[in-house]
Amino acid sequence: MLLFLVCFVCNIWSVFGVQAASNVSDVVNTIVVASRTQRDISMLVPIGQTNNMGVSLNTVLFEKVGYNSSSLDYIRQLLDGGLQTWMLDLYYNNATSNWQLCPAPFPQNSSTNAYETRTVRWNNRDYHCQPSFTLDSVMQEFRSYFMSTNTNIAVNLIQIMFNLYDFDFSESKNKTIASKELKNYATFSNYGNSTLNSSLSSVSDMLYTPQDLTTYQKTQSGTGISAFYNTSAFDFPSSQTFLLNDYKRLITYVAENKVPKSALGSNDENTIFFNEDFADISYTSDESLLERCGSRTLSDFNQLSLNSNFRTVVDNENVPFTPSSFRKYVTCGYSPILNASRYSIPNKPATTDISDILTYYFPRSYWSWAPGQPHDRQHTANTSSFDKRDYKSSDNQMARKCVTLQESGFVLSNCYEEHKFACQKFNSPNEWKISVSSDTYFSDDYGDCPEGYSFNVPQSSIEVDSLRQEVANSGEKYPIWVDLNDITVANCFVTGGPYAQCPYQRTVSGRRLVELIAPSFVVASVIVVLIFIEKIFRVNPVQTNRKRYWRRAINEYNKQHGYEGVPS
């Protein structure tokens with residue numbers, strides 16, 4: 001696990017096909033661009049329809065490095081690496097009346113140093129735990145990350161799924177500790193929090209709560225895509241509203257609840273979403289899950305979009321993700337949660353190395369981009385010299401600034417290639433048609449989209465799945481143009497046609513620059529010429545006569561008073 005992020009990023013070189021990267025930042029930039037693009041095209045979609053790969057902190061991290069403060073560095077590296085969905089087990093200790101991360105209580109005969117990591121045993125398993133390491137410690141790290149990425153270009157949504165358990169001290173359930181020794185487990189009662197609400201206090205200003213959702217649902221209204229989602233049972237705000245208007249970053253909900261009602265504080269349910277219907281959580285043990293993908297109808301797609309939110313699939317030691325199943329779950333509209341200790345990847349059939357695991361799976365976790373996309377281009381095109389005669393060759397990397405949908409996902413393609421266009425129906429985001437004719441990305445009519453449809457890009461995993469279904473049903477062939485490009489600014493992918501502006505960097509082409517400055521230049525030139533002419537040919541009789549008059553008056557005055565030279 002040492003130097004995890006460096007290994008993680010370095011190993012991704014091969015995945016993205018970087019032949020001669022000058023430094024690690026080049027590779028990181030590719031991942032950042034892929035993540036930011038997927039976020040940007042989903043900005044108008046409700047947050048419940050967003051999908052991002054996640055990990056179980058317990059299995060992937062704590063079981064390997066221990067339940068201690070040294071794991072905070074790894075958590076930050078995972079956040080910086082782009083992971084947005086997290087699963088975390090919490091334990092309610094009846095002896096201390098506090099919540100803790102360690103899956104075992106701390107006996108009284110252990111060291112009294114709360115900052116020391118010690119081995120504790122529970123239910124015939126050993127755990128390496130630090131008493132002072134609590135949920136609040138983890139949330140402080142999340143807050144630090146939120147503050148450092150609280151900009152329009154870097155802001156993102158983080159989800160945390162909690163599994164809630166408690167310790168059963170009864171002798172019949174636990175063969176390690178007898179019930180009479182219960183009092184020995186109150187030693188570290190000062191560590192941890194008695195309520196979940198207080199455990200999340202450090203991120204309370206950025207946490208989206210059930211009360212926030214209730215307030216939003218009372219005031220929301222919309223048209224277009226918003227009007228479609230307004231009919232949802234859980235009417236969530238869009239990512240744009242959530243991140244850029246409400247300035248929220250985090251949403252938490254309970255995946256599994258095994259604690260009695262008495263363990264919950266009065267405000268816990270006002271902080272965390274406990275509703276069982278809030279999130280659609282599935283498990284790889286359900287063999288029928290993937291069978292339902294690939295044959296969905298429009299009604300099925302609309303049902304998922306309106307009545308299914310935060311779709312996640314969690315694996316386990318018995319049925320871990322495989323390279324094939326992982327990608328299928330992603331394209332099927334699920335957020336895969338890594339919850340096994342070992343995985344099979346090419347050339348390593350059973351690895352436990354988290355850097356190897358994430359290096360392989362993370363680039364394959366985008367529902368939008370195909371694995372390895374958007375690939376690094378050694379040259380960037382200047383739009384002022386974007387000439388079809390120069391860039392028509394499909395091998396020209398400088399023209400690969402427009403995006404097509406292919407069977408594997410979004411792929412950068414030559415803007416001057418001729419393909420058909422993806423046309424989306426207004427106010428019905430899961431209805432697609434493929435244009436009649438093929439043309440370049442710069443076409444004015446976008447292949448003659450049918451009436452009521454317009455050239456667009458899928459904005460969610462369900463939308464892109466429905467588009468794939470339309471391609472299959474219509475018998476069309478890939479690739480298909482989608483409304484996404486980075487023509488104006490390299491690596492800033494935008495929708496709205498070939499000349500849409502990047503929201504993070506304004507650009508002006510050479511031709512447009514001439515158009516902007518030409519009028520001012522002409523006016524300034526005329527003014528300079530007029531001033532020059534005035535200086536040369538100026539004749540001012542009034543001023544000349546005034547000078548003559550005063551000169552004559554002074555001379556006459558001097559004669560009358562006899563002034564000759566300077567008086568002594």
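Note: Cβ is positioned from N, Cα and C throughout, glycine not excepted.
Record features (Swiss-Prot):
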CARBOHYD  Asn23  N-linked glycosylation site
CARBOHYD  Asn68  N-linked glycosylation site
CARBOHYD  Asn94  N-linked glycosylation site
CARBOHYD  Asn109  N-linked glycosylation site
CARBOHYD  Asn174  N-linked glycosylation site
CARBOHYD  Asn193  N-linked glycosylation site
CARBOHYD  Asn197  N-linked glycosylation site
CARBOHYD  Asn230  N-linked glycosylation site
CARBOHYD  Asn339  N-linked glycosylation site
CARBOHYD  Asn382  N-linked glycosylation site
SIGNAL    1-20  signal peptide
TOPO_DOM  21-512  topological domain 'Extracellular'
TOPO_DOM  534-568  topological domain 'Cytoplasmic'
TRANSMEM  513-533  transmembrane segment
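Counting every protein chain shown, the Cβ of Asn94 (N-linked glycosylation site) has 18 other Cβ atoms within 10 Å. When the glycosylation sites Asn68, Asn94, Asn230, Asn339 are ranked by how far their Cα is from the Cα of Asn197 (N-linked glycosylation site), Asn94 comes first.
In this model, the topological domain 'Cytoplasmic' (534-568) carries an average pLDDT of 64.
Counting other Cβ atoms within 10 Å of each Cβ, the lowest count among the glycosylation sites Asn68, Asn193, Asn230, Asn339 belongs to Asn230. Following the DSSP three-state reduction, the secondary structure of Asn230 (N-linked glycosylation site) is coil. The distance from the Cα of Asn68 (N-linked glycosylation site) to the Cα of Asn339 (N-linked glycosylation site) comes to 19 Å. Asn197 (N-linked glycosylation site) has a Cβ environment of 20 other Cβ atoms inside 10 Å. In the three-state DSSP scheme, Asn193 (N-linked glycosylation site) is classed as strand.
Of the candidate glycosylation sites, Asn94, Asn193, Asn339, the one lying closest to Asn230 (N-linked glycosylation site) when CA atoms are compared is Asn339.
Asn339 (N-linked glycosylation site) sits 26 Å from Asn193 (N-linked glycosylation site), taking the C-alpha atoms as the reference points.
With respect to their backbone Cα atoms, Asn94 (N-linked glycosylation site) and Asn193 (N-linked glycosylation site) stand 12 Å from each other.
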